[in-house]
């Protein structure tokens, strides 16, 4: 069969058919001819119409990476690292509670420790502050000493009565008092009473006073053991109040989200007025102080004394500094006033988006549970990651420490890179979990926005969005989170280098390091924002990550002023909301705790409550922020491809429709005013159709 191909000459005269689409208008032109394939000159936006798997290679790559993470866990189990961590091992490489094989070149290894299930440290308070580990010799014993042993005779009696020898294995228990090696290979006297930990079979002293030095290294403000005891006692005694205040922070966060919906206009305009008035007041004060200093200089110069001249010189310098500050404040205030003048309509858009976001949470109440699900997933993963990291700390080949002569297990050769692989997994998988939350929320909000009749929403849009994510878009999420990981790893590495070189590097190197860290942080924030919009574009049109990121970037650039207004005004309002929740919770905590504790004892419970309150407020209001950003992207697409005429009705909510309608009325009035200044313009009968009948605007 002959293959028919289009030729430039024969096809120039063929008609071109323009296809109207409620999302595209007439922007998409298709050439139609018999035997020829239709070709689109532009890609279409089809919200919620087509679904296909996106970025499948990245999903496979992420799956392979997760298999590698699981293989590290399996390696630690197979090589005994997990057993050594849980059951403990002595300084000769013997795992307690089981029969051991002999280690080449290590004396007293390969012992049968089946009956000795606990690890006993000869000097448990010998802490390495830098490495955060105990440097003492460790032995496997059958019983932890439950009473204080003050002399070597007590050690002998304990060994005879309990069958648990607390000195090195080569020393006989009944000879402890007379052996010359007792000073090096027996525990430091007096031996404090101890008990074993519930899961990790280590004998730990009942009195933790010997760990005061370690506590001081970890918590720098603890200078003596009494303060540490009082703080811990305050937390334990106030645990009921702490739980109650945490619940109060949760309730306040939910109430604030409802309040923002109904008084968003008041909040935003109060913030705007406060910023403008504050800038004007600050600028006026600076100019007043400058004039006051100038008058002081003139008065001082009239006195012809040496002290007066010195005072005048000092006042003149201060006046010059104040002049610079006043000019800078004036420039800032003028720019701020101009921005407020030109962006006042965008502030109105922010108010409308806040109002619609409140409606989204009413129609999709399960959105409020999304932060808890994400936090639980992160918590479980971090617990698993920390456990495997501890396993890696006791995995590897036995190596004798040259300083102490004790046997330790370390990863050598290529195996040591497993720790770095595990560290990268912490960042990538954590970012993947956060990205799944963003994609799930974006999918639910997109479903809400592009469903004309809100009474016909799916029963559980959040669940539907989660299923779409797992079925189609895990590769997109994996790719977006990997890009964030590529930026975050160098920043964390530079921060580590900066901390290691603190006090050693010169001023230039320190400045360069901080500059690089700051630039990478800014890049990470920008990529996070772009990724979030890319996930929303994927939820709308089911396109790959790069295509979605490009489309979202184009939309954001076309609406740059609106984006700036929403981010500046909206983010600051939400930040003030977080501060309000934290301060309200802290005030309630002060009132409750002050009745039963003095300041030194309830300060730590109050700090814990404030941290939890900020975490809860951040989770809820950040979710609100994500909803606002996704709504704005949907709104920008809606206004770009629809105009409210029959067949191209808007999808937007009534509040957003009022904003668009008022804006267009003002534009028409302005245009007609320029063309016919004396004509009275009527705008009746020009209202646009927001959505199909039956749409809920409640």
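In case you wondered, yes, glycine gets a Cβ from its N, Cα and C as well.
Taken from TrEMBL, the feature region 'Disordered' covers 1-23. As annotated by TrEMBL, compositional bias 'Polar residues' applies to 1-13. Positions annotated as transmembrane segment by TrEMBL: 56-78, 240-260, 266-290, 322-342, 348-367, 374-393, 420-451, 472-494, 572-595, 602-624.
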Tertiary contacts of the transmembrane segment (348-367) (same chain, 6+ residues out, Cβ under 8 Å): 257-258, 260-262, 264-265, 268, 441, 444-445, 448, 454, 457, 460-463, 562, 565-566, 569-570, 573, 623-624, 627-628, 631-632, 635, 653, 655-656, 658-659, 662, 698
Interface present between the transmembrane segment (56-78) and the transmembrane segment (420-451) (three or more C-beta pairs under 8 A): yes
For the transmembrane segment (56-78), give me same-chain residues lying six or more residues beyond its boundaries with a C-beta closer than 8 angstroms to one of its C-beta atoms, as numbers and ranges. 384, 388, 391-392, 395, 418, 421-422, 425, 428-429, 432, 474-476, 478-479, 482, 545
Outside the transmembrane segment (572-595), at least 6 residues beyond either end, the same-chain residues with a Cβ under 8 Å of its Cβ set are 238, 241, 244-245, 248-249, 252-253, 256, 260, 267-268, 271, 354, 602, 605-606, 609-610, 613-614, 616-618, 621-622, 624-625
Can you tell me which of 240-260, 322-342, 472-494, 602-624 gets the most C-beta pairs within less than 8 Å of the transmembrane segment (266-290)? 322-342
